[in-house]
Ligand code: SF4
Ligand code: SF4
Ligand code: SF4
Ligand code: SF4
Ligand code: SF4
């Protein structure tokens, strides 16, 4: 941590993200709370300002697997959502919209604070397997199966329509991430995040490790990134390789941008070809003799 | 020999183990989810689906649990089930005794549904089949006891079709009538207004889901009198119409008070006589 930036600058994207998450929630809550109807419904399906239909494409896919052909409105809604995320990055849903993200973020923050061990770390591909399993269960039971347990909709629908015992599912995710598995839910298991990760193989909005040459291996970005495996190819790439974080697992959360004191990272688009020389090995504090 | 694509047999071995482990884990997770889904997907008899809802099995495949039907219901009839209630989590339902469906002419709940879980083909609310009202307890229904409550009949939006009052003899007093509320399933929409307004502390008329409220006749059953009306002739051609046997005198025959007198029937005589000579 050389030349620390200001507290606010080091939280810029985090704060923006929290505002975005809160904003998406308020779009749904302003109606029931203040009678100001902007978005009606919840994250699985909604109408904004009485004109814009949106549907969760993963729910629609489960519905199809269960043998129901959804009506046109839902199909249009799912298409709009799919195209949007295909452009900005599927997992932008995770970082900027999903209400579970603050929960698992707080769990991870506490996990770090308490210096807890990593715990159970199933392969990152587990979520894809689970995603397929969910579709198979939908087909076998003829239901939108994941919606019976999905903590995202339980929380979001709960906040907008009334929660019942729904908070227990959310608490379970929190405790799981805190004590059982670091980044366990969003990083390894959540089939919804996995699904959004599959949307759009080439999203336009990307983070670039453009100034990777100055990286001194402080590892702050690796500590904070929910999907640290995505950093390596870009950050440790040699001159000539792309500094763009191309992995679909990157959620475009911008935390790496925030925490890096050397301003290695920045948001850019995938066609950005600004030359980014590889790292100068001698800069690494790992190779330096420790004082 | 290592399979193409694998650097060594060790890699292949690792790949296979990993795959087997994932598949086994998913089989367990999938089974748990499926058993939870089938348990949590049962619908209690008091929970009624909104108008136009597909049959329950199809409904669970179709409804995205968005709650748009709930939002657009002007009477706050519908709610989304929360965990802890017996209805599939997040799906819309109503309880007749709490807030019944007011049978809006423009059916806003159906219009709001984006997925088709509420069938857009339902354009006349009179065709809705949310359930069927059943007079479940004649021992307490005030009308069935011979009083004139009539409330369920009066509030029914399909009055005189879905509920009629059928006049019956009151055997208790011997000379009064009973106006029994009778539901005609063909016209009842299951809106629940009758159940809601039953004046007793526990309603004696209740809206039940169709599968509980209705029996089903065997496919091959024919009602002779209906067939006769459709056809204008006996169902079986050339059938011989034998004279009906009527009870003899001294029996409680309301059609011919005093009983059937053998003399009046020409040469007809009873086939046997009781001991003691009485016919
Ligand atoms: S991984 Fe799942 S729970 Fe986590 S932020 Fe993404 S969608 Fe939400
Ligand atoms: S690489 Fe950066 S933007 Fe992407 S998930 Fe990690 S911290 Fe977030
Ligand atoms: S018909 Fe009207 S009262 Fe009945 S559920 Fe629909 S919107 Fe509500
Ligand atoms: S509007 Fe349709 S999809 Fe949405 S909760 Fe109601 S029935 Fe389900
Ligand atoms: S539920 Fe009751 S009030 Fe509604 S249509 Fe049927 S009989 Fe009438």
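Glycine is treated like the rest: Cβ placed from N, Cα and C.
The domain '4Fe-4S ferredoxin-type' feature in TrEMBL is assigned to B:53-83 (among others). Here the domain '4Fe-4S ferredoxin-type' (B:53-83) has Cβ contacts under 8 Å with residues 41, 43, 47, 89-94, 99-102, 104, 108-119, 130 of the same chain, all six or more residues outside its ends.
The annotation domain '4Fe-4S ferredoxin-type' is assigned in TrEMBL to B:90-123 (among others). For the domain '4Fe-4S ferredoxin-type' (B:90-123), the list of distant contacts is 43, 46-54, 59-60, 62-81, 130-131, 157, 189-193, 195-196, 203, 206-207: same-chain residues at least six beyond its ends, Cβ to Cβ under 8 Å.
What TrEMBL records for B:132-168 (among others) is domain '4Fe-4S ferredoxin-type'. For the domain '4Fe-4S ferredoxin-type' (B:132-168), same-chain residues at least 6 beyond its ends with a Cβ under 8 Å from one of its own Cβ atoms are 102-103, 126, 176-185, 187-200, 204-208, 210, 213-214.
Feature annotation from TrEMBL assigns domain '4Fe-4S ferredoxin-type' to B:179-198 (among others). Per-residue confidence over the domain '4Fe-4S ferredoxin-type' (B:179-198) averages 96 (mean pLDDT, predicted model).
Feature annotation from TrEMBL assigns region 'Disordered' to B:246-279.
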Original post:
Residue counts in helix (H, G, I), strand (E, B) and coil for the domain '4Fe-4S ferredoxin-type' (B:132-168), per DSSP?
Top reply: 5 helix, 11 strand, 21 coil
